[in-house]
2 protein chains.
Amino acid sequence: MTDSRETGLALDPKWSAEGLITAVVTDGDSGAVLMVAHMNAEALRATVDSGEAVFWSRSRGELWRKGATSGNTMRVREVRIDCDQDAVWLIVDAAGPACHTGERSCFYRRITGDALESVA
Amino acid sequence: MTDSRETGLALDPKWSAEGLITAVVTDGDSGAVLMVAHMNAEALRATVDSGEAVFWSRSRGELWRKGATSGNTMRVREVRIDCDQDAVWLIVDAAGPACHTGERSCFYRRITGDALESVA
């Protein structure tokens, strides 16, 4: 099943019931997945227009300009959108750690069987 | 704010109200983001145990072994989980296109201002 949202060149995000889409962020140099977050329409617009990553914080219920407090901003090289337009992929240059724990990537553990193992 | 879910080595996924976590899939060779999907507990367990990507299809409401019908399976090199354990990152070897449209990646369009541009 395909439709114009999938094959066309019109930006037409499929917002969730909460008005959000998923945002995956990868490092422009290493290709590593740095984080997964969410965007509402305002965050997506702000990201595209400013060239800096802006998300919607579900926990705080507010717009979240990445690095506004930590200084670890993310310069956006490119924003891609997936087939059904409910997820975007940001390729960025990160000024510092993406994760609030201080790790460069939020994905600093691998799953091994029933447990986790640090890869940091 | 950190807690044992973030700093520990116990697998303790933070399931959504629908019992799901987000799954990001990247190509083990190119590093490209191939797709974003969802997993319930059964899908995550099946993926880790079998080494093949298994998701939960929200549209069909059933377990979705990637490639079961298309043949485009995904061999999993590694599964990582993020700080708050509500997203996993699968590094895979893909037997074929990840996208049902036939594109290698679901992210075959970039956002340019108010429109999209094909990058396939």
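Note that Cβ sites are derived from N, Cα and C of the backbone, with glycine treated the same way.
Feature annotation from TrEMBL assigns domain 'Phosphoribosyl-AMP cyclohydrolase' to B:35-108.
Within 10 Å of the C-beta of B:Asp86 (Mg(2+) binding site) there are 16 other C-beta atoms, taking all protein chains into account. What TrEMBL lists as Mg(2+) binding site is B:Asp82, B:Asp84, B:Asp86.
Residue density at B:Cys83 (Zn(2+) binding site): 22 other Cβ atoms are found within 10 A of its Cβ, drawing on all protein chains shown. In the three-state DSSP reading, B:Cys83 (Zn(2+) binding site) counts as coil. Residues or ranges marked as Zn(2+) binding site in TrEMBL: B:Cys83, B:Cys99, B:Cys106.
Ranking the binding-site residues B:Cys99, B:Cys106 by how many other Cβ atoms lie within 10 angstroms of each Cβ puts B:Cys99 at the bottom. Once Cβ contacts within 10 Å are tallied over all protein chains shown, the binding-site residues B:Asp82, B:Asp84 are led by B:Asp82.
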